[in-house]
Amino acid sequence: MLFTRSVARISSKFLRNRSFYGSSQSLASHRFAIIPDQGHSCSDSPHKGYVCRTTYSLKSPVFGGFSHQLYHQSSSLVEEELDPFSLVADELSLLSNKLREMVLAEVPKLASAAEYFFKRGVQGKQFRSTILLLMATALNVRVPEALIGESTDIVTSELRVRQRGIAEITEMIHVASLLHDDVLDDADTRRGVGSLNVVMGNKMSVLAGDFLLSRACGALAALKNTEVVALLATAVEHLVTGETMEITSSTEQRYSMDYYMQKTYYKTASLISNSCKAVAVLTGQTAEVAVLAFEYGRNLGLAFQLIDDILDFTGTSASLGKGSLSDIRHGVITAPILFAMEEFPQLREVVDQVEKDPRNVDIALEYLGKSKGIQRARELAMEHANLAAAAIGSLPETDNEDVKRSRRALIDLTHRVITRNK
């Protein structure tokens, strides 16, 4: 597989170079930096929650001239056309059935509230579950030494069920966060249908979210792996932190690209990255492989949200399932506007007045149209997609065709994230 091998040769440089993960100082003179979450030291925890700080260019000594051209190669050099979702379709069906079983409750209204959102908000493509199921295969499951004496087939099957459990837990956490977000944002719709807080009220929406989190906690405990519990607990904490950052930001923070990227990691990428790492941990993989799984999820999540922020300006209400321009109308400043402000500083004053005078939205759009804001945000998303693909290319080589196919599918997802229109 030409593309994956070429990515592996390039990306192995940043895996061997510990400073890429372990220090922001070594890259301080370049427009790329990595900062750790609070509570983790750079030297002893190189993979627990790094946040891209200002990833405008990857032309650092670590990467040489490796820029977003790699992404373009990914779509042309993959050996065969793959549909990542069809590869795991059967398991996605099992996962959906299991989720329906898990949200049953003694109080019928609580169960129906959770079921309402799963039917309308989760079923579709099941993006996060697809990533995690593909990652489980891509990591080429190796049986932990403690279980060597048992039947390999049985252990592998049980391990797959446990890994699928990570996908189920991740979906419940994700949906719970959406239920709570809709209350905080006073949202009317979600993916084109009435949001639960509108249909059943804020109280029931909050309780349904809490209920899903409690079921996720129970499922996590059943895995009996404290490292996995810590990873998913961190992701939940980050969801809360990111939302808090959005609603409590100062004026300067609101217009800071660093702040925006950190908030984006917390709100979107942390759950994907920590879940990917949890899948690796359950397989008994090495720390280096766990880092690669984490980095894939982190960068794919960042790319996904950057494109989402672009689509808020370029998409339509029908295709996005939400009102177009919803971010700027609610005072949420995203990458396209931040980049546009670098060219037109006067845009900041216009955006400041949007909530007082909605007519300023049109003025802001005029500035955005004259700027390279959309283009630069897309380039930044492409760079993160490239890093995600590079992480997969750095996984240990294998002759297993299923593993190769899953890795190609994960790379294909980086392409789909960038080219999606909804």
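Heads up, the Cβ atoms here are built off N, Cα and C, so glycines get one too.
Over in Swiss-Prot, the protein carries these features:
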- 1-32: transit peptide (TRANSIT)
- LYS125, ARG128, HIS174, ARG191: isopentenyl diphosphate binding site (BINDING)
- ASP181, ASP185: Mg(2+) 1 binding site (BINDING)
- ASP181, ASP185: Mg(2+) 2 binding site (BINDING)
- ARG190, LYS267, THR268, GLN305, LYS322: all-trans-polyprenyl diphosphate binding site (BINDING)
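This view paints the features noted in Swiss-Prot onto the structure.
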| residue | record | Cβ contacts under 8 Å, 6 or more apart |
| --- | --- | --- |
| ARG128 | isopentenyl diphosphate binding site | ALA167, THR170, GLU171, HIS174, LEU271, ILE272, SER275 |
| ASP185 | Mg(2+) 1 binding site | HIS330 |
| LYS267 | all-trans-polyprenyl diphosphate binding site | HIS238, LEU239, GLY242, GLU243, GLU246, GLN305 |
| THR268 | all-trans-polyprenyl diphosphate binding site | GLY242, GLY301, LEU302, PHE304, GLN305 |
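DSSP assigns ARG128 (isopentenyl diphosphate binding site) to a helix in the three-state reduction. Fewest Cβ neighbours within 10 Å among the binding-site residues HIS174, ASP181, GLN305: this applies to ASP181.
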